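Student: Quick one: the structure is below, and I'll ask about it shortly.
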Number of protein chains: 4
Amino acid sequence: MASFKQIDLSGVFPPLPTPFNQDETVNHEHLRNNVAKWNEIGFKGYVVQGSNGEYTYLSDEERVELVRTVKQAAAPGKLIIAGSGCESTQATINMTQKMAEAGADVAMVITPYYFKGRMTNQAFMHHYEKVASASPIPVILYSVPANTGVDLSVDVVAALSQHPNIIGIKDSAGDVTKFGSMVQRTEASGFQVLAGSASFMLGTYTVGAVGCVAALANTLGKEVCQLHSLCKEGKMEEAKKIQHRLIAPNSAVTRKFGVPGLKVAMSWFGYYGGPTRSPLLPLTPEEVDSMRADFQSNGFL
Amino acid sequence: MASFKQIDLSGVFPPLPTPFNQDETVNHEHLRNNVAKWNEIGFKGYVVQGSNGEYTYLSDEERVELVRTVKQAAAPGKLIIAGSGCESTQATINMTQKMAEAGADVAMVITPYYFKGRMTNQAFMHHYEKVASASPIPVILYSVPANTGVDLSVDVVAALSQHPNIIGIKDSAGDVTKFGSMVQRTEASGFQVLAGSASFMLGTYTVGAVGCVAALANTLGKEVCQLHSLCKEGKMEEAKKIQHRLIAPNSAVTRKFGVPGLKVAMSWFGYYGGPTRSPLLPLTPEEVDSMRADFQSNGFL
Amino acid sequence: MASFKQIDLSGVFPPLPTPFNQDETVNHEHLRNNVAKWNEIGFKGYVVQGSNGEYTYLSDEERVELVRTVKQAAAPGKLIIAGSGCESTQATINMTQKMAEAGADVAMVITPYYFKGRMTNQAFMHHYEKVASASPIPVILYSVPANTGVDLSVDVVAALSQHPNIIGIKDSAGDVTKFGSMVQRTEASGFQVLAGSASFMLGTYTVGAVGCVAALANTLGKEVCQLHSLCKEGKMEEAKKIQHRLIAPNSAVTRKFGVPGLKVAMSWFGYYGGPTRSPLLPLTPEEVDSMRADFQSNGFL
Amino acid sequence: MASFKQIDLSGVFPPLPTPFNQDETVNHEHLRNNVAKWNEIGFKGYVVQGSNGEYTYLSDEERVELVRTVKQAAAPGKLIIAGSGCESTQATINMTQKMAEAGADVAMVITPYYFKGRMTNQAFMHHYEKVASASPIPVILYSVPANTGVDLSVDVVAALSQHPNIIGIKDSAGDVTKFGSMVQRTEASGFQVLAGSASFMLGTYTVGAVGCVAALANTLGKEVCQLHSLCKEGKMEEAKKIQHRLIAPNSAVTRKFGVPGLKVAMSWFGYYGGPTRSPLLPLTPEEVDSMRADFQSNGFL
């Protein structure tokens, strides 16, 4: 059997938003249509049920069903990475197995975060080792401190990189120093580091990140893929120019306006965005204007 | 029909931990035995499925079933407050209704917190108004920034205090200035403010808090109730002395050692503590020693 | 020789703002006039060169000269507490000695804070022991994390309370749990804990704080003194009412609008406020309106 | 007269530590000897009185005198950047003029930071415009949130970049997204962005940083200059390798062990390190061992 470590994560992955009807029920048809459009862009694969999928607002069944839909709609060869993290270790194990059955190629496991004071290095180690050892598919660590308020230390990442089933990390914090340190301390084992945002792709790629999970790729997929290619080809001047132009739109659909913003921006580029689930509120008209300006001033609208 | 606002929350409520077997399954028998012991202390009622109940590690069914068990085991007249918060508004509505059917007298609804950047005053208002309006039982707001990383502003609390179904707040942050401000701005409507910890009972009572939800009450229930009574009777010097003695043990079972610590301390006082669910880890022997010292130096062991 | 520990700090101390002319030079005449008015209120004494004195914007000579002026203008018996803290230990020692020569009865020494990562318990212990041992007058610790970004742990405070020259602490963070813990662990040595704000006077007094350094006392001195007296007399209901009314005005002249706000409010009550030094900017008209509303809605204007 | 904007900041600048005798007095002889050694490395110039110079522990006269000494000891052509920031605007203006008289080519002005709540965009704008307009030499903005607890927004940096006397920024926070955004929004005006640490050189260079002020350059000057050159030449693979090796030693002499650590490391490489001023404490033997390991494991000892 080939090692999980041989799975190649280099490339761009949009973290797919979940399309809702006005009554907040899931609309799988819209999802299939969106995926059909995304299939024409050079993505490496799709992340399903990451933060941008509003996974915390979905039932277990909805989460699994969405993975199934994406797996069916995805073009052959696309890697399906499914967010399977839950707060408890056992629930995460169960969800990971269901995701595998639904067609996921890789499980992406967010840090547990509720009891922040007790989420020590030891607790994270214990959690991820249990989950990875029980997982039928390879596991990617997922750290997103802006949402969780906790982070994985480089020591923990380095230790976990030794586990045969743990093949990488998606880091959405974007500290380029930490990226460099993680790559240095894990690359011998074949561990792969993914940037969790298009805002810091170029910087983190130069210290060894191999791919990117970028919310912005849902709307500006070609441009994000172009940045990926320029980085890989070492065309640094061109890469810098497009990186600069992507920062403001990317910040708009992440830090500033979140998933409601991302869904509005998707509608500008021919995708179905639609509402979010409550308590996320729709953007105000002023917020929409501000976001549009961020796209326009960089030549994307 | 009597107004929900007439429900009296003044008193002490232990937030009940969930007893697990060694395999992490719920043990309802141990819970019933614990409640039988707690029934002999002068508690106003019980909080089920708060943070100390490890609610984030339980399935929806387990959460509801635990409320049912506590309702049955509680002595007549004990107020049952059930934590019914979920991340999405609709899920919270559903859970609140199930908690009411299971026997809860009051629903305690934690702030949603995953998408911190979008949890604005408006989002919190929208969430709580939807939940309260759909709830068959009165609602208590619940803010615990140490776990969630978000907080409710005084403006939001003051506005929500006008809702007929929202009768109070449990505030675990313990900022006595904020307590004073909340009481001042909500007392005219009959809104009641509860301290979320025994560490700051005396201070917050003097500015108008009427009751307390205290993890420490699971182990030192009589002493916490004594402090409550001394406060109500205006015996400030005696209250100060017992308040001082409670701070270190309370900090031990909350900030320092969390639920694993609380469960160890429960075993010292004749209750079933048992393991937590993973990823929470058991205390190390050094942590147990440190916690024991905090109880001993204040004369509780 | 009487022990420094016998000095009684119970009472209210306004932290005096520094009056500036329009060209930002110090105006000692305005200061004398202000002090003459304050002398008629029942203050225990004055804090000179605390944060509200904009001490970080003054030269060493200006700091000392201001203490001299206040000493001369103060009514007999008023305790003069002079802020003598500098970043380096040796500079703090020198300044403390100059303050003593200028007439200060007590030195208030802020935590050093620039190299936050190295300001360990050990570093704070070393600093304060050096300063206190070299000081001809008693020393009060001063912690104000909102400005400094560092804090003193209860362990450090407890250890330093054993030093014969360290007689108390002014704590501006206002965590009532920490106040209780500090009082419990230091009261045997005669150490005295002062609340650093009028917003949390009542709460911290009930756990053992003996006095208060309150910016608000510069404008609402009688009311702050009244709250102090009610606390000491155990008139808790009356104390609660005035405490509630003081929170919004106090927050206005501290957290919300800072020293520029305090100086505007002083002008409303017959004191000279005047400009601050740059980079502090004057309030906007909207900020003045908002601050006025905070005073008016509580019946103070 | 040539525009200040034509001054070229591309290159590596060590921020010189201040050598002290055992009694904490400044030793200018040791400083001259150190500079003589540094002169043989390809530095662009020197930063005097940055954070690593312990400027907050020095008197005004000491600060100016140290600039004079470095100016005299520096090899011809080295650019002398002097930290001239004080908390008040007027004091900063005065100090900047003295630094210019003492031979500084450029003034580096730290953000004022004591009254954090009032350090708004407007306050920073006002401060820097006043200082720059009064300065006889060009000004570099300096943001170091780890020490100050405040930061300059991209909007403020972009606005200030239009001032003819403000030629760049040293940013020690290291957020590569912010670097990209700053470069994009300021490069048209000739504004130059400097990385404030060797840990994130490569990442920030790729988005447009032109130079680096690196504490580590005091000990591993050749290696830091080599990384600078590799970046400029576009030799990305070699750059990545040395960047990786520099992170741990750099973190050791900055975040982990600070100036006391830097001075120990300097002694390992033939420079005079010596003590720091109190309240900074010397490293413990365990800390020295840990730091040595960080250098050794990357092949530098």
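The backbone N, Cα and C atoms fix where each Cβ goes, and this holds for glycine too.
Automatic, uncurated: that is what TrEMBL annotation is.
These came from TrEMBL, pasted as-is:
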type: ACT_SITE; residues: B:Tyr142; note: active site, proton donor/acceptor
type: ACT_SITE; residues: B:Lys170; note: active site, schiff-base intermediate with substrate
type: BINDING; residues: B:Val213; note: pyruvate binding site
Student: Roughly how many Å separate the Cα of B:Tyr142 (active site, proton donor/acceptor) from that of the residue listed as 'active site, schiff-base intermediate with substrate', to the nearest whole number?
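Tutor: Cα to Cα, B:Tyr142 (active site, proton donor/acceptor) and the residue listed as 'active site, schiff-base intermediate with substrate' are separated by 5 Å.
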Student: Between the residue listed as 'active site, schiff-base intermediate with substrate' and the residue listed as 'pyruvate binding site', what is the CA-CA distance rounded to a whole number of Å?
Tutor: 7
Student: For the residue listed as 'pyruvate binding site', which residues in the same chain are close in space, meaning a Cβ under 8 Å from its Cβ, but six or more apart along the sequence?
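Tutor: Sequence-distant Cβ neighbours: B:Phe13, B:Pro14, B:Pro15, B:Val47, B:Gly50, B:Ile81, B:Lys170, B:Ser172, B:Leu194, B:Ala195, B:Gly196, B:Ser197.
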Student: Note down the number of other Cβ atoms within 10 Å of the Cβ of the residue listed as 'active site, schiff-base intermediate with substrate', including every protein chain shown.
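Tutor: The Cβ of the residue listed as 'active site, schiff-base intermediate with substrate' has 29 Cβ neighbours within 10 Å.
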Student: How many other Cβ atoms sit within 10 Å of the Cβ of the residue listed as 'active site, proton donor/acceptor'?
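Tutor: Neighbour count, Cβ to Cβ under the 10 Å cut-off: 27.
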